[in-house]
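Asks: Got these off TrEMBL a minute ago, pasting:
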- 147-188: repeat 'WD' (REPEAT)
- 189-230: repeat 'WD' (REPEAT)
- 231-272: repeat 'WD' (REPEAT)
- 273-314: repeat 'WD' (REPEAT)
- 356-396: repeat 'WD' (REPEAT)
Amino acid sequence: MEEVQRHSVHTLVFRSLKRTHDFFVANQSLLPEIDETLEKLKYNIKARDTYGLVFDRAAKAKALAAKRGDSDRIEGQHGGKDGVLAITAAGEQEGSASDGTNGQMALVPAATPTPQAASSAVQILPKKAPTIPKPKWHAPWKLCRVISGHLGWVRCVAVEPGNEWFATGAADRVIKIWDLASGKLKLSLTGHVSTVRALAVSPRHPYLFSCGEDRQVKCWDLEYNKVIRHYHGHLSAVYTMSLHPTIDVLVTAGRDSTARVWDMRTKANIHTLTGHTNTVASVVTQAANPQIITGSHDSTVRLWDLAAGKSMCTLTNHKKSVRAIVLHPSLYMFASASPDNIKQWRCPEGNFIQNLGGHNSIVNCMAVNPEGVLVSGGDNGTMFFWDWRTGYNFQRFQAAVQPGSMDSEAGIFSMTFDQSGSRLITTEADKTIKIYKEDDEATEESHPINWRPEIIKRRKY
């Protein structure tokens with residue numbers, strides 16, 4: 001019995017390849033015949049699919065030109081509609097040689113354009129350059145109250161749906177409840193073991209939700225002022241949260257690059273939204289699609305399908321970290337903020353609308369009210385006020401620090417309007433909470449809009 005010679009896998013694979021090559025090499029150049037009818041049909045379908053609109057437009061233009069030619073001939077026979085004369089070369093006229101006027105100029109009636117031709121000419125004309133709408137006048141905002149009480153950076157704020165009180169969370173690990181009208185402290189809630197980074201008040205239940213750098217997500221029952229639920233699952237600090245407006249769902253996100261969707265009652269982790277490659281700094285929810293929008297330090301904005309738990313769309317227009325996202329209260333739009341600029345988008349596809357440039361700092365937070373005032377707060381204490389529709393920056397200022405604080409502590413970490421949109425609450429690095437309101441005495445004459453569209457045009461184009 002002969003011994004079978006052993007070969008390496010490498011040798012066997014190459015032998016197999018060689019056999020396959022030798023077997024099929026004879027058929028290498030034998031391609032099936034091309035059916036020209038089918039090929040023509042294929043190209044016609046492709047052309048119709050890609051250039052259908054152009055073909056229709058061209059056919060209409062040809063038909064119009066033919067009709068115009070017929071009308072020109074008729075008018076030429078009747079001596080023109082209004083007897084306007086045009087100069088043409090005599091050689092073009094019939095019988096010019098017999099008249100002995102060859103090489104000279106002759107006067108003939110000129111055809112006037114028909115109404116149909118005029119209307120088509122209007123259609124063919126290029127569109128006019130878009131006009132820049134004049135911004136709506138907004139009264140300037142001024143500081144009306146400073147509240148101090150926290151012993152660390154105040155990182156987050158949430159206003160109660162009844163507009164009677166608001167809550168703040170800080171680096172001193174305490175959540176404080178303040179009376180909105182008087183600014184007095186009503187309650188302090190302790191339980192977190194690290195900085196409290198986000199708060200949300202439920203509009204349908206007597207619950208307050210909080211999350212922090214201790215990886216904890218807590219649900220507080222405000223009737224007993226106690227924690228009744230914990231949501232476990234985040235692997236690192238939790239930086240942001242949002243309550244769904246119509247269903248009992250809570251969305252949290254943070255440094256583990258994920259956003260987690262929780263069932264508010266059962267504490268079940270329904271979805272873990274993965275896809276971002278860096279810290280998720282901001283999350284917002286809405287009733288219509290996309291129901292969840294996240295912004296991350298990986299400089300992208302993602303739109304999520306809540307039912308499937310998957311990303312619908314990724315917006316990569318920003319060049320730097322996206323730390324803030326805000327939904328417009330009535331328009332189907334949202335804005336995202338990054339150190340390069342603030343961008344406005346239209347839902348549900350995330351179509352880009354416009355850039356709001358000029359806030360050249362790390363933008364930590366944004367807020368928008370029903371009047372269309374968008375406010376952005378910077379890490380260096382700057383606040384910019386914008387008209388949402390036009391992107392016009394009608395006010396900007398540097399927030400004053402609390403006496404005794406260093407100038408470097410002029411940082412704005414979070415902001416929100418109250419339910420009426422007439423008060424703006426900001427939380428800052430100088431351990432204070434500041435409340436702003438519109439200047440009642442300001443008028444369009446005292447604070448006119450400094451609107452120069454020619455400069456804007458130059459910048460845009």
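The backbone N, Cα and C atoms fix where each Cβ goes, and this holds for glycine too.
Just so you know, TrEMBL annotations never went through curation; they're auto-generated.
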Asks: With a Cβ cut-off under 8 Å, give me the same-chain residues at least six positions beyond the ends of the repeat 'WD' (147-188) that come close to it.
Replies: 194-201, 203, 208, 210, 212, 220, 225, 402, 411, 413-420, 423, 425-429, 431-435
Asks: List, by number or range, the same-chain residues at least 6 past the repeat 'WD' (231-272) whose CB is under 8 A from its CB atoms?
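Replies: Apart from its flanks, the repeat 'WD' (231-272) reaches 194, 197-200, 202-205, 207, 209, 211-219, 278-287, 291-292, 294, 296, 298, 304, 306, 309.
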Asks: According to DSSP, how is the repeat 'WD' (231-272) divided among helix, strand and coil residues?
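Replies: Per-class counts: 0 helix, 21 strand, 21 coil.
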